[in-house]
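Following: one structure in structure tokens, then a few remarks.
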Amino acid sequence: MKQNSLNVKEKKLSKVAFSHVGCEKNLVDTEHMQGLLDKEGYEVDSNINDANVVVVNTCSFIETAREESIRKILEYTNQGKEVIVAGCMAQHFKDELIREIPEIKGLVGTGDYQKIAKVLDRVEQGEIVNEVSKIPEFIADEEMPRFVDKNKFVAYLRIAEGCNYNCAFCIIPKLRGPQRSRTIESIVSEAKSLAKKGIQEIILISQITTNYGQDIYGKPSLAKLLNELSKVSIPWIRIHYAYPTGLTDEVIRAFKDSKNIVPYFDLPLQHSHPDVLKSMNRPWQASLNESILEKIREEIPSAVLRTSLIVGFPGEKKEHFEHLLQFLDRHKFDHVGVFIFSPEEGTTAFHLPNKVSLEVAEARKDNVISVQQNISKDKNQTYVGSKMKILVEKISDNNELIGRSYNFAPEIDGTVILSVKDKIDLKNYIGKFVEANITFADEYDLYGEIIKIL
């Protein structure tokens, strides 16, 4: 199925498809590359089988992501496609990739995706292209073409790129470069454009969203940005990647005072124990974890809390892990993502002693999941019998409507599965907000019946 064309130039011969691996920041890069190629006259197709060129936008955050990226690269080169590798693996292994997989036609770094059309032009002329800047410095603004799928009602809005922190386990600063924020005016302009396209929810993303603006305004400016975005006619605005140090009184007040900023706090805390956090090069966090969580719950009783955790970090002892379990039991997060430590070459954690065995790390991960499932189920049960506002997004194979309430972020949290009594076409609900009565809950999802379209 062909994507909607933005094209203003003469069509070119190549038909290009994209294969995406990794996070939503990578997805935004993909959408910009799609828009740029379409503008330059290339036919951008969502069906890889019909394309002769495939751009694989890769992830290199952890080993499993690299393995998936390599599988896709080899799959398409084996099919005889001309493959261009973009994203974090291109940035990470710009010399090794073409040497190890000579079938690759081009590389595009994380700070070079704006050059994708020129790269493809050169590839079509038979050149092997390595377009990877040593230090990524580019960030797209609202003027850069971007493909936004009209069949989706959620869009990610990048407010900054890169990171100035140096967490011991994280390779991202080396792959994405230093922090560079967009101006408030640029972000608001893009939000207004997305609203005109029918987007019902925008999700603000960067490596550290609460550190937004530090580089261009001299201080973190998320609160000011939220106050301006609250004036845009987008029903839901969600923030991902908020760090405790940046959740100031002003930021929390912006959440409270804005009707369309949903009270959903995504806090990648990684751990609870001071010793582990110190080893992670996050010593500032231990004293803040407890107080900031208590403050959020006190100021915004309806707040939904999500966190991500790492188990099996070098030096994590049994008592450290028990501290983490007690932390989870005490604060009862709505959603938790848990990952086993992945040693990444180029990070300080790669060389740390006292490795935790994979067997122990996997057992700890399973333990966290088990504890959190019980907490999540209890949390979800509290919604049974209540009425909730739901964004309906799709129809399931079982002919049920699938949507989300504000307490579920797309892709990473649960969904709300809805039945309909009215004998009308289910497609009429897609992309709309409805009021629903919640009738059942499990540890992941809610179930309910639609009352009316809002």
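Using the three backbone atoms N, Cα and C, a Cβ is placed for every residue, glycine included.
Look at Swiss-Prot and you will find Cys23, Cys59, Cys88 tagged as [4Fe-4S] cluster 1 binding site, backed by sequence analysis. The Cβ of Cys59 ([4Fe-4S] cluster 1 binding site) has Val21, Gly22, Cys23, Asn26, Ala65, Arg66, Glu68, Ser69, Gly87, Cys88, Met89 as same-chain neighbours under 8 Å, each 6 or more residues away in sequence. The DSSP secondary structure for Cys59 ([4Fe-4S] cluster 1 binding site) is coil.
According to Swiss-Prot, the [4Fe-4S] cluster 2 binding site annotation covers Cys163, Cys167, Cys170, on the basis of sequence analysis. All chains included, 21 other C-beta atoms sit within 10 angstroms of the C-beta of Cys163 ([4Fe-4S] cluster 2 binding site).
Annotation source Swiss-Prot lists domain 'MTTase N-terminal' at 14-125.
Residues or ranges marked as domain 'Radical SAM core' by Swiss-Prot on the basis of sequence analysis: 149-378.
The domain 'TRAM' annotation in Swiss-Prot covers 381-452 and rests on sequence analysis.
Around the Cβ of Cys88 ([4Fe-4S] cluster 1 binding site), 28 further Cβ atoms fall within 10 Å across all displayed protein chains. The residues of the domain 'MTTase N-terminal' (14-125), classed with DSSP into helix (H, G, I), strand (E, B) and coil, number 57 helix, 26 strand, 29 coil. In sequence order, Gln270, Met280, Asn281, Arg282 make up the list of same-chain residues 6 or more apart from Cys167 ([4Fe-4S] cluster 2 binding site) whose Cβ falls under 8 Å from its Cβ. On its own chain, Cys170 ([4Fe-4S] cluster 2 binding site) has Cys163, Glu344, Thr347 as residues at least 6 apart in sequence with a Cβ closer than 8 Å to its own Cβ.
Looking just at the domain 'TRAM' (381-452), the mean pLDDT is 94.
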